[in-house]
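Single-structure report; data block below.
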Amino acid sequence: MSTRKVYPTVLTILDGWGASDNSHGNAVRNANTPVLNALLSNYPVTFLHCSGKHVGLPDKQMGNSEVGHVTMGGGRIIPQDLVKIAISIEDYSFFSNPVLHKACKKVEHNDSSLHIIGLCSNGGVHSHIDHLFSLIDLARQKLVKRVCLHIITDGRDTPPFSGINFVERISNYIKEDNHINIVTITGRYYAMDRDSRWARTEQAYNIFTNDENTILIDPVELIAQYYNKSISDEFIVPSRVNKGAIKSGDAIIFFNYRPDRMRQLAQAFSKSNFKGFSRERISDLLVITFTQYDSLLDIPFVFKPNKLTNFLGEIVSKNNLKQFRIAETEKYAHVTYFFNGGIEEPFLGEDRELVPSPKVATYDITPAMSALQVTQKVIKALEKNCYSLIIINYANPDMLGHTGNYEATIAAMETVDKCIGQLLENISKFNGLLILTADHGNAECMLDENNNPHTSHTNNRVPFLLIEGEMNKITGHGGQVHLKKEGSLIDIAPTILDILKLQKPLEMTGTSLIELASYEIR
């Protein structure tokens, strides 16, 4: 082990750990979490905005993991795709977009079908139903002869049984259009897997590409039948309700703007050496995505990504400091790709560790997920005595919050609490500094006002705690750390740079949450 003194700053993100005074259905407040309770009572804490305009989203739009991590890493408000797309619709540039026109021209030339695939809800995390309506309007303007809608139901970023209302809205919107039809209904559990559970993706792919097993039924009635079996939107089995399989010569528009949960499906349709499951590649198929799903895929996309530089990880790297990123599968992309502003490759001096998430149908079966394994890996990283910055994500509060299972989310919080206790003990050995925060709320609201399961994120603020090491005190604040009363996620990166005594780049508009005092008694 190196003898060089490296006092690590450990940013620990408890994904979905929101703050609320309401104890009803609050798995954060009602869990037995002695470590977190003691830290909240005895150390500097403030509460950060993490939704709406504070993170580049529309006002009152709940935050999400992608937006939260890119905002934390960037230290600035970054206009999000939801806003960019809405503006393009408002100023009509959406309807003259050359990439979208390419799809319409393709099917006109081939006398073939335009397929529109995406998550149909107003959740605003991965997509928005308003964008589907605009695509339908575009198809009408371009006189597209056959439009096939492949509906992915939500129930995760929206109430579990709300999908029927969205499908009814779509049905009413196209009822005068004989050439526009809903042809498939699929729960996001199947169509939007991101953890290489290829059997789920395969079920969705097969229903999109095969007219067999078509049940000619009203889409709203189909969903009602699933509801009668207590199957919520997320878990609706891939079902075909009309003819209109994806075939050679067709075009597909994927309208999800968040890439991580559409990447597998897009690969299945476009990748020549695809190995996820056995399938016959469809020839002469144009695949278009709203945003760039994968830089390795040769797929045209509609909206260009933001050009982002001087994120926290890049600044740490430029100053020749080593850093370590770790999460289990569900949140690994968030502490790496998203936290680095959409850059896939690690920065110089950035080490990474991916801990596999449990291979279970739903995480309420294993509320601990892989939190204990993540913790042990972090302890080993601390023992190397070389990392100035360690970034951890504990997925449990968010992933269990999405299940709607209150008791399981309580268990998840209690597991994380034990992990924080172990972390704190080992960080103290190396005179490290621990920061606890979150990207958005979720686990603090597990029941709605009608006592129904609440599975989506919230607009609540998130805690930000700072626990100094005995030999790693922050100078310049009069002997006791005070945190600003107001802040948002954009202030986290500047705070860490302040702690590391590194200069904040001009691109970062956030400010350090540490209040300076006019005197210093240390």
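Cβ coordinates come from backbone N, Cα and C, glycine included.
What TrEMBL lists as active site, phosphoserine intermediate is Ser65. According to DSSP, Ser65 (active site, phosphoserine intermediate) sits within a helical segment.
Residues within less than 8 Å, Cβ to Cβ, of Ser65 (active site, phosphoserine intermediate) and separated from it by at least 6 positions along the same chain comprise Asp15, Lys331, His334, Phe338, Asp398, Asp439, His440. What TrEMBL lists as Mn(2+) 2 binding site is Asp15, Ser65, Asp439, His440.
Secondary structure at Asp157 (substrate binding site), as computed by DSSP, is coil. Annotated substrate binding site per TrEMBL: His126, Arg156, Asp157, Arg188, Arg194, Arg258, Pro259, Asp260, Arg261, Lys331, in sequence order.
Cβ-based neighbour count (10 Å, all protein chains) for His457 (Mn(2+) 1 binding site) stands at 29. As annotated by TrEMBL, Mn(2+) 1 binding site applies to Asp398, His402, His457.
What TrEMBL records for 8-503 is domain 'Metalloenzyme'. When averaged over the domain 'Metalloenzyme' (8-503), pLDDT in the model lands at 96.
Per TrEMBL, the feature domain 'BPG-independent PGAM N-terminal' maps to 86-294.
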Taking the Cβ of Arg261 (substrate binding site) as centre, how many other Cβ atoms lie within 10 Å? 21
Least Cβ-crowded entry, counting other Cβ within 10 Å, from the binding-site residues listed as His126, Arg194, His402, His440: Arg194
What's the CA-CA gap between His126 (substrate binding site) and His402 (Mn(2+) 1 binding site) in angstrom, rounded? 15
How long is the line from the C-alpha of His457 (Mn(2+) 1 binding site) to the C-alpha of Arg261 (substrate binding site), rounded to the nearest angstrom? 17
Minimum Cα separation from His402 (Mn(2+) 1 binding site), reported as the residue among binding-site residues Asp157, Arg194, Pro259, Arg261 that achieves it: Asp157
DSSP three-state assignment for Asp398 (Mn(2+) 1 binding site): helix
Looking at the binding-site residues Asp398, Asp439, the one with the fewest other Cβ atoms inside 10 Å is Asp398
